[in-house]
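Here's the structure, in structure tokens; my notes come after.
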Amino acid sequence: MGSRFLWDVTKKVFTGGLIGLTISDRYGSFEAVRGLSMHPTLNPSPNTFLGLLTDDRVLVTKFCLEKYKFAHGDIVVFRSPSNYKEKEVKRIIGLPGDLINMPNAYDTLMIPEGHCWVEGDNSSSSLDSRSFGPRTCTMPSYVKKSFKSCTSMVIS
């Protein structure tokens, strides 16, 4: 009788895990926003313990990407170019065809087709396109739901 109960529980946990994995892979998940790069939009207030910032959580949507027209100001999530295991949260500043003035230079860069320019809201604490250049935009991957309905983008 005990082994039957254990088998039933194991099947339910396994099934629930597969359903949860499918939902987070295909439709959406929650991601923690760490660091100061999007301050004060995300992580706006310091924690009382040692003055550290608390992590905000954002809803990452993935199912509405095919029809969405991306716009300046959308907040996106992408894999860090320096550490593939980390995810970065930034704001879209430039889309394909836009001209971007390069920081600390007198050059202007045109964003190539299939790419976008992303920057953090807190430029003094953000590693973004000013450091690593335009990001390739691909579908589907991780996206951040902005404050508008179904506003999202994928950056690899």
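Using N, Cα and C of the backbone, Cβ positions are placed for all residues, glycine too.
Please treat TrEMBL annotations as automatic predictions, because they have not gone through curation.
According to TrEMBL, the protein has these features:
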ACT_SITE  SER37  active site
ACT_SITE  LYS90  active site
DOMAIN    32-104  domain 'Peptidase S26'
Rounded mean pLDDT for the residues that make up the domain 'Peptidase S26' (32-104): 77
Surrounding CB atoms that lie within 10 Å of the CB of LYS90 (active site), all protein chains: 25
At a 10 Å cut-off from the C-beta of SER37 (active site), count the other C-beta atoms across all protein chains. 23
Whole-number answer please: how many Å between the C-alpha atoms of SER37 (active site) and LYS90 (active site)? 8
